[in-house]
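Okay, structure first, notes after.
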Amino acid sequence: MEKALSPSSFPQGTPLDHRYQGEHPVRTLAYLLRPDRARLAGAVAVFAVRHSPLWLLPLITANIIDVVVQQRPISELWWNAAVLASMFIVNYPSAVVYSRLMSTTIRRLSTTLRSALCRRMQELSIGYHSRVSSGVLHAKVVRDVDTIEESLKQTAEVGLGAVTTMLGGLIVIGIRAPAFLPIFLVVVPAAALLIRLLRGRLRGRNETFRKEIEVLSSRVTEMTSLIHITRAHGLENTAIHRVDGQLDRVRTAGFRLDLLNGRVSSLAWNVLNALGVCCLIGAALVAYYGWLPVTAGDVVMLSTFFTTLTASTTALMGLAPTMTRGLESVRSIGEVLQAPDLESNDGKREIAGVTGAVEFRRVGFTYEGSAEPSVSDLDLAVRPGETVALVGPSGAGKSTVLNLLIGFIRPTEGAILLDGIDTAGLDLRTYRRFLSVVPQESILFAGTIRENVAYGLPDEVDEDTLRTALQAANAWEFVSRLPEGVDTLVGQHGARLSGGQRQRLAIARALIRDPRVLILDEATSALDGRSESLVQEALGRLMSGRTVFVVAHRLSTIRNADRIMVLEGGRIRESGTHDELVALGGLYQQLQPGHAA
Ligand SMILES: Nc1ncnc2c1ncn2[C@@H]1O[C@H](COP(=O)(O)OP(=O)(O)OP(=O)(O)O)[C@@H](O)[C@H]1O
């Protein structure tokens, strides 16, 4: 069973942590497959048995022909028939065992990779997540791992098939007609190369087709994300026209690819079989004139082997792109697994309680690559239970201060102290248990109201606690009227909730955690009348008795704050209560709505 995760047992030491240091992807794969090496060896052995008809059948056919042509004892026919029968008897069970062994190995590997990626994403800093789009990370977890899985499966199936056929075939030829071995070793690769060259043209067309599909995919994504704007402006036809144009290109590229595919496949088949016939005639001539000791059975065997060995060599060469794709995906996953941008908490002090005293000591913060600091010389001591409103023009540094408080970013100058302890030395995950953040956009995930409100709480929440939180958040009234109450599904495919209702659920989510420190990023757009007052009332309850930092837009929040900090250019320009700042007649006064600048 999975161990419950406490900060101290937070996933460390995923299988790739210690090992993956950007080495060649083949080594990464070898490392990942190590725990399954016995299983893999078993799979290879079983595969050779399962695949034996392909390289043994020509030999047995040759034996049977020789029994007939040379009038050898009939018992030899029965012996050969018995070998043939036993091959078929073991074929089915060995196929089942092979699938089982291989599938266990490959599925375990993809689960390990996906789990390592998800864990690493939870450890990477918020800075990393704001730089790397979620779509890219999503593609790594889903598509790249899928590509690795597919590439391993194909390499195993096709590669093992080709290698066992080639080895088996060459051994049989080496024993039965050794004089032909050097000829095979030269002619078979040459024939395979010829067929590969013929197919080479397909690659270019494949590439064109794939690119057109990628453009289509981005056009569709663009269309769906713009759908509100498109519909609001009556631009449906323009949007459809854009997609239609691309659909046409995909159709043309697909059609050309299919035509070429048909021509190339037929040409390759003809070349392969023509070469096979040449081999048959050549071997027949050798036997007929007695240039080498070759029986009639050998003639048939050699010509069959020529075709199967050439096909195997071609298949092996054709694996290269699949393997390259798989290795590229391993590398792409490695980029995330070795990204150094981690939030470092390991070994830092864990805290069991917070009273809520927060102090900024000459805090400065400069974003990486920025010339100017976004916050400078910030000095601020906040008592437990105090409400501090941050106001200021756009770009003043308000969000940066909130992110510093959450610990998403660390001060580049000075220190932030929590209850007198420098947060630089704290395991922030333990501190954040006493922290709630209510963002501007209330984010609900696909689940019930109960799950959304109780998200992340360690224990099951009882009905009373849930109801009290919803009541205090002014959400009970609408939740209790929903057909399934707290068990109603919300989120992407759930009940439709208004903006105000979503905000009140977000407030309930914060309330139920009973935080000591609350971080509030108020929505810039106010709701209408009743909904707005319900949200304000709920916020009032949420804020009371806690240390609150709020990026404030509502006049009521600002008026009720114990202190207002007016930021500009990353510095505190003014601070005080609403009345004091109005009396001051400075920047705060200018920021008031309706003020003529
Ligand atoms: N990730 C980042 N990298 C570089 N600079 C950034 C980054 N985020 C913000 N900044 C810069 O830092 C400054 C402060 O930004 P911040 O988002 O904190 O302002 P704000 O007061 O919250 O603005 P708004 O009210 O518009 O949200 C701005 O000049 C902004 O351009």
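Cβ atoms are placed via backbone N, Cα and C, with glycine included.
Listed in TrEMBL for this protein:
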DOMAIN    56-325  domain 'ABC transmembrane type-1'
DOMAIN    358-594  domain 'ABC transporter'
TRANSMEM  40-65  transmembrane segment
TRANSMEM  77-98  transmembrane segment
TRANSMEM  158-175  transmembrane segment
TRANSMEM  181-198  transmembrane segment
TRANSMEM  267-288  transmembrane segment
TRANSMEM  300-320  transmembrane segment
The transmembrane segment (40-65) and the transmembrane segment (267-288) contact flag, 3+ Cβ pairs under 8 angstroms: no
Highest-contact recorded stretch vs the transmembrane segment (181-198), from 77-98, 158-175, 267-288, 300-320, CB pairs under 8 Å: 300-320
Of 77-98, 267-288, 300-320, whichever stretch has the most CB pairs under 8 A to the transmembrane segment (158-175): 300-320
Close approaches to the transmembrane segment (300-320) from elsewhere in its chain (Cβ under 8 angstroms; 6 or more beyond its ends): 54-55, 57-59, 61-62, 65, 154-155, 158-159, 161-163, 165-166, 169-170, 172-173, 176-177, 180, 184, 187-189, 191-193, 195-196, 199, 268, 272-273, 275-277, 279-280, 283, 294
Sequence-remote partners of the transmembrane segment (77-98) [C-beta within less than 8 Å, at least six residues beyond its ends]: 42-43, 46-47, 49-50, 52-53, 56-57, 60, 63-64, 67
